[in-house]
Amino acid sequence: MARLNRNDPQLVGTLLPTRIEADLFDLEVDGEIPKSINGTFYRNTPEPQVTPQKFHTFIDGDGMASAFHFEDGHVDFISRWVKTARFTAERLARKSLFGMYRNPYTDDTSVKGLDRTVANTSIISHHGKVLAVKEDGLPYELDPRTLETRGRFDYDGQVTSQTHTAHPKYDPETGDLLFFGSAAKGEATPDMAYYIVDKHGKVTHETWFEQPYGAFMHDFAITRNWSIFPIMPATNSLSRLKAKQPIYMWEPELGSYIGVLPRRGQGSQIRWLKAPALWVFHVVNAWEVGTKIYIDLMESEILPFPFPNSQNQPFAPEKAVPRLTRWEIDLDSSSDEIKRTRLHDFFAEMPIMDFRFALQCNRYGFMGVDDPRKPLAHQQAEKIFAYNSLGIWDNHRGDYDLWYSGEASAAQEPAFVPRSPTAAEGDGYLLTVVGRLDENRSDLVILDTQDIQSGPVATIKLPFRLRAALHGCWVPRP
């Protein structure tokens, strides 16, 4: 990386690249790590290994997988590049060969037809596999301990979709993994593929359908009997790609569509409901009661990324604020509208839950929160990826319990670890990486969910800074 534009808002603060592959044995710990925390906290971070081209976005950096391995009160850290086909080509060339975000028509001719995914968004674990994934391609399998890249993963040839969401859903009752691929037949196509994979890695259900219009889709929801697909007006366009323009455009005049499909239904059975133009990056949980479906999610008025707008309006950050919201869908109603209720006004994102209680009406959710009563150490461009606080949302009280990370600090997406396999919902610990911006390094903090406001029970210190990650997961030791 010979040159780096340090005036680029996507390359400063918590977003400043580090590009560090590391092996750290027995990290320094302040406090005491709870004995029940034995396993691995995996994270995935976009890291540009070469200087990005002029028209770039933070979410297009190469995948950098990292892992905190916990064992009997000790923690080791490891980070490795996800060695995709794209990473390998640019490593050999020592320069950027891939152009605009998800636009192959802007690439160097030497990489025409090469798999463009950077596998940088999430780490998932299922049927003994650890996978790095981004929604523009198929996952890459990693070694669970060393994080070395094993290769592109298509479920042993069972998955023919060209893409795979970074937010598959795990059913704790059956062990099934449910996921979709959008633009499943290639960039800017309206095709959706939907799969169910059993706990042994066998595809037990597959169906295809088309979106009402081709659109960017990031997350979805499942209940015991239904899968729900939100289609929102961040549209894609092959003609825009060929004209070497950004792939996405915000077209609010199209409104939003919510597809409701029986969990093992065929694409022809999907029912499309309507909603106004809005945006949802992430779902907390969904459940059903009788003929009603409830979905807790993070909703904003517009797409939080400043892609072009069909109405030529400037990007409005105040409309891009995600807030905890509940959707209610009545399947017995003749109306094609959904009911939407805002649960809280604070900026909040990157939600997780106690996944043992998925598919039922959960009490608790855990997420990054910007508490407006406290100072912010991060800038506008960082606001989807870093937060001044962590929050525990309590559906019974209708409010957050908050932990403030500090005046020169920024917390990231948490992971939840139950206190024991049989612990009550939400009883356990939150793990989160915190950037110490004034020290140019990071900590991993452990918070007790029973008393989050008292601060960390343990702080694991890193001697360098970790770039803001997107998503990860906790995997207990067998």
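If you go along the chain as it appears here, the first residue is 1 and each next one adds 1.
Using the three backbone atoms N, Cα and C, a Cβ is placed for every residue, glycine included.
Of the listed candidates (HIS126, HIS127, HIS282, HIS396), Swiss-Prot assigns HIS282 to the same Fe cation site as HIS167, HIS218, HIS471. Sequence-distant neighbours of HIS282 (Fe cation binding site) (same chain, six or more apart, CB under 8 Å from its CB) are HIS167, HIS218, ASP219, LEU297, MET298, PRO322, GLU349, MET350, PRO351, listed in sequence order.
Under DSSP, HIS471 (Fe cation binding site) is assigned to coil, being neither helix nor strand in the three-state scheme. Less than 8 angstroms from the CB of HIS471 (Fe cation binding site) sit ARG43, ASN44, THR121, SER122, ILE123, ALA166, HIS167, MET350, GLU413, each of them six or more residues away in the same chain.
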